Amino acid sequence: MPDVESFWHSLEEAYQAILSAPSFDAWIKTTRPLKLDNNQLWLEVPSAVHRDYWEKNLSAKIVETGFKLTGAEVMPHFVVADEKDAALAQELEEPAEEEVVFSEQSKKAMLNPKYTFDTFVIGKGNQMAHAAALVVAEDPGSIYNPLFFYGGVGLGKTHLMHAIGHQMLVNQPDAKVKYVSSETFTNEFINSIQTKTSEQFRKEYRNVDLLLVDDIQFLAEKEATLEEFFHTFNDLYNENKQIVLTSDRPPNDIPKLPERLVSRFAWGLSVDITPPDLETRIAILRKKADAERLEIPDDTLSYIAGQIDSNIRELEGALVRVQAFATINGEDITTSLAADALKSLKSVGSKNQLSILQIQEEVSKYYHVPLKDLKGKKRVKTIVVPRQISMYLAREMTDNSLPKIGAEFGGKDHTTVIHAHEKIQQLLEKDPAIQKEVSEIKNLLNS
């Protein structure tokens, strides 16, 4: 049997091979080996969140590595460092009071009670974002500040943002946490000017420990609001207060966002969240079904997950639809019933939800450009403009992410899609011919 330090070193190498750098830093570097005795391994972790994550996601590797090194199963045990403190032990004996305080603080911070780390399903598309969120929640204002999540609609950016707020309030019940959408920030700023309460507005936003701002891209063209947010950002950052932002695209791809803000957003960590793969979609549905106490066979969940691949909101909406269909018809939930329930949804989707390929085909026919050229690399104007219009329409008329759109045009980078979108926007403002052509193509796509 190896000693605990050499066994831990082997484990570190095993995890380093399968985890991203932020995940490795979040889970492995924060863990301390205590004892290895009689095939039992004791590890000290910094929080209950870390313990839960280890138990759910990382324990199997301990058993696997132990078997390789010793020929026997090594069983892990986790000790939370803070639970050694008598003060915390006393708090754990009185959970009801703590829950009330937590609930009141969460409501005051405008946090959604459903959006916690416990309800978040981890997959390949969000693993790094989840790890970074946990790091920030456990140690705000230090490593990743600001933390910037970006990705398409309904992929979990807001969920992670709220989860950070909840966890910080669990760790620091007296912390001042504020969640706000960019629209609300703008409206409150304008109102403070009209009512001459600007100083009160600044105190509210600059005297917080954690500021969560959703959909920051909508501030891009609001000059006065951006100026106010710039100073708010600086004040909080200089005081080592944590800032978390979300957007549908990376900071440097947000049109008309001032360079001074782009550079500040880059001071921390920017993480993209991509659509969930099939396994993650099934796990999301299982978690939702368990929360709703629904009895659904695995093959039925797999069927539903196979029908919806766009985002988590639509996926959960499909499950609600199946549940309602079963209740109305007084039937058990089966794959056959799910197919009937989602039939009309797919029918509506086929009419109203365009694919990138449909847009490409329509543009190809309209301009008499071969589809392979539209997706290819030819740079002649008769092909470049239709290609840019295709990218523009894909951005405007679908929920696909920038990388996804780029991939459908011969593997182009997402910055190419951004450039195409901006180029066509500019042409639409001054070129009547382009206005007419884009309008006609839109009508064809909507007909």
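A Cβ is built for glycine as well, from the same backbone N, Cα and C atoms used for every other residue.
The Cβ neighbour count for GLY156 (ATP binding site), using a 10 Å radius and every protein chain shown, is 27. Residues annotated as ATP binding site in Swiss-Prot: GLY154, GLY156, LYS157, THR158.
What Swiss-Prot lists as region 'Domain I, interacts with DnaA modulators' is 1-74. The predicted model assigns the region 'Domain I, interacts with DnaA modulators' (1-74) a mean pLDDT of 81.
Residues or ranges marked as region 'Domain II' by Swiss-Prot: 74-109.
Marked as region 'Domain III, AAA+ region' by Swiss-Prot on the basis of sequence analysis: 110-326.
In terms of DSSP helix, strand and coil, the region 'Domain IV, binds dsDNA' (327-447) has 93 helix, 0 strand, 28 coil. Among the features that Swiss-Prot reports, region 'Domain IV, binds dsDNA' is placed at 327-447, with the record citing sequence analysis.
Other residues of the chain with a Cβ within 8 Å of the Cβ centroid of GLY154, GLY156, LYS157, THR158, the ATP site, are PHE149, GLY151, VAL153, LEU155, HIS159, LEU160, THR246, ILE273, ILE312. A 10 Å cutoff on Cβ-Cβ distances gives THR158 (ATP binding site) a total of 19 other Cβ atoms nearby, all chains included. Broken down by DSSP into helix, strand and coil, the region 'Domain I, interacts with DnaA modulators' (1-74) contains 46 helix, 12 strand, 16 coil.
For LYS157 (ATP binding site), the count of additional Cβ atoms within 10 Å of its Cβ stands at 26 [all protein chains shown].
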